[in-house]
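Student: Quick one: structure below, then a few questions.
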Amino acid sequence: MARKSRMGCGNYAVVLVLLFFGAMKVRSDSSDHKYKSGEEVPLYANKVGPFHNPSETYRYFDLPFCSPGHVKDKTEALGEVLNGDRLVTAPYKLDFTNDRETEVVCKKTLSKEEVARFRDAVAKDYYFQMFYDDLPIWGFIGKVDKEGKADPSEYKYYLFKHLHFDIHHNKDRVIEVNARTDPNALVDITEDKEIDVDFMYSVKWKETEIPFEKRMEKYSQTSALPHHLEIHWFSIINSCVTVLLLTGFLATILMRVLKNDFVKYAHDEEAADDQEETGWKYIHGDVFRYPKHKSLFAAALGSGTQLFTLAIFIFILALVGVFYPYNRGALFTALVVIYALTSGIAGYTAASFYCQLEGKNWVRNLLLTGGLFCGPLLLTFCFLNSVAIGYHATAALPFGTIVVIFLIWALVTSPLLVLGGIAGKNSKAEFQAPTRTTKYPREIPQLPWYRGALPQMAMAGFLPFSAIYIELYYIFASVWGHRIYTIYSILFIVFIILIIVTAFITVALTYFQLAAEDHEWWWRSFVCGGSTGLFIYGYCLYYYYARSDMSGFMQTSFFFGYMACICYAFFLMLGTVGFRAALFFVRHIYRSIKCE
């Protein structure tokens, strides 16, 4: 019966994965259009917002730009909506291969209130984003003249009124598009008074030999210029070599100590039987005693396993090229769909391990597993979405999108979680303990302060964090900035090193804990493995205040709110890695000795 449930769950997941890949492929190829001379190529205005606050974006026509007669919203995929994209038709006519000299989009009289809105936007370095044949276009809406003016009240504010488009084409396809503003076509908006503005644009088409398949390479190259790439690789290699040398050094010491322990215990067995045992062998009757709060422990293990699987799938998609630059929303779509599909893994792992620990209420354990990560994420989302609604920002999800996510949770995530839990409960796996557990636990001796949980977590988290520290800057600059991250091979190498170092440092600290005759290693190994997540959150504070120019309540709450969820996910994932490594190690060393 258990086998049948697991097969059904697996087949269902395979079908959904195939549908997901198919949908993503269709979406990524949707811009593969061929055009005839004079044919209209779609230009969509997306959003505007302060340049230094990537989460604080607004609809393009929230500012009083020239609006076309009928503003039509473009249908967006789930991931694009989650990304904050809100595409609408733009007022500019960019017909294929048709050059345009200076043309007036509209003549508009800006009221005092509209002038003040534009001035406030210019003061905050507002930029705009458009998409032309699915190619991104950026530009600033104005500039601040600060030359020779020490007092901010003397600054001059100017609005750009002329936009020039340079477009490259290869026969019947659009290859590249750039937009630049005319520095001589300015409107002074320093004072609150009505102003007549002629918004204008011009278009210039040029032929290029770049094939359509390589039109996205421009964005990859700008994100990894040769000298930057060399520095990047050198920094990563330097970091990895340092960490691996430290790890190897500690591993050598640990192996020698273990070898001496095995020799010592083998000699003790040949000596008098009444000789008192010491060290980690002394607590062989307690080391496999089940941990406190075993339902929570199993739920954390299940959630961590699911998140680890999610990370592996995301890396696979990244390495095969799904997340090419400006495949809008692909990453968010992948995260939502793969998380839903892997919920069966969480249910199976949690229920199976909970039953191995002789737990009885597996249904409650399953509910705890389902809410352990999703619960805090949901609370964070509700708060941040309310903030975005208050700001009228595009980060606020429409009601329809929230319904779609709820349906994914109700129709995919929850059923797969239950199916996985049933399969795990019926797997009848037993906890493999090489030694018998005594009826009453031994008293743990008084240990020095540096063997406490917090100092151990600090030691356990520092080494893995030092392995990923350099790469974190590039990731943060991409997620919370305007850089494009494309070097997934480096990121994957760093991730593998992170897993290895986390596993090893947890094993080493577990050994030292057992050698001090402290048998409560279960939770300790989990929190020590996951402590890197706390270090990452500490780096968030440093990045926000020292490396970024983010400001404002909305951007601050989005940054620290969602980073708290991401760091919590790292805590669960790496905690699972640490515990699994420690469990393998503890089983191995206790199998290697003879215990009465």
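A Cβ is built for glycine as well, from the same backbone N, Cα and C atoms used for every other residue.
Keep in mind it's a predicted model, so treat the numbers as computed, not measured.
Annotation source TrEMBL lists signal peptide at 1-28. Annotated transmembrane segment per TrEMBL: 231-254, 296-324, 330-354, 366-389, 395-419, 457-476, 488-509, 521-545, 557-586, in sequence order.
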Student: If you count every Cβ pair below 8 Å, which range out of 366-389, 488-509, 557-586 shares the most with the transmembrane segment (521-545)?
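Tutor: Top-ranked stretch among 366-389, 488-509, 557-586: 557-586.
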Student: Do at least three C-beta pairs under 8 angstroms join the transmembrane segment (457-476) to the transmembrane segment (395-419), pairs 6 or more apart in sequence?
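Tutor: No, the transmembrane segment (457-476) does not contact the transmembrane segment (395-419).
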Student: Pairs 6 or more apart in sequence, C-beta under 8 angstroms, 3 or more of them: is that satisfied by the transmembrane segment (488-509) and the transmembrane segment (557-586)?
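Tutor: Contact between the transmembrane segment (557-586) and the transmembrane segment (488-509): present, because at least 3 Cβ pairs are under 8 Å.
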Student: Any residues 6+ beyond the ends of the transmembrane segment (366-389) with a Cβ under 8 Å from its own?
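Tutor: Non-local partners: 295-296, 298-300, 302-303, 306-307, 343, 346-347, 350-351, 395-397, 409, 413-414, 417-418, 421, 553-554, 557-558, 561-562, 564-565, 568-569, 572.
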Student: Please report, as numbers and ranges, the same-chain residues at least 6 past the borders of the transmembrane segment (557-586) whose CB is under 8 Å from any CB of it.
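Tutor: Hits for the transmembrane segment (557-586): 55-56, 287-288, 300-301, 303-305, 307-308, 311, 372-373, 376-377, 380, 383-384, 387-388, 395, 460, 464, 480, 498-499, 502-507, 510-511, 514, 521-522, 525-534, 536-537, 540, 544, 550.
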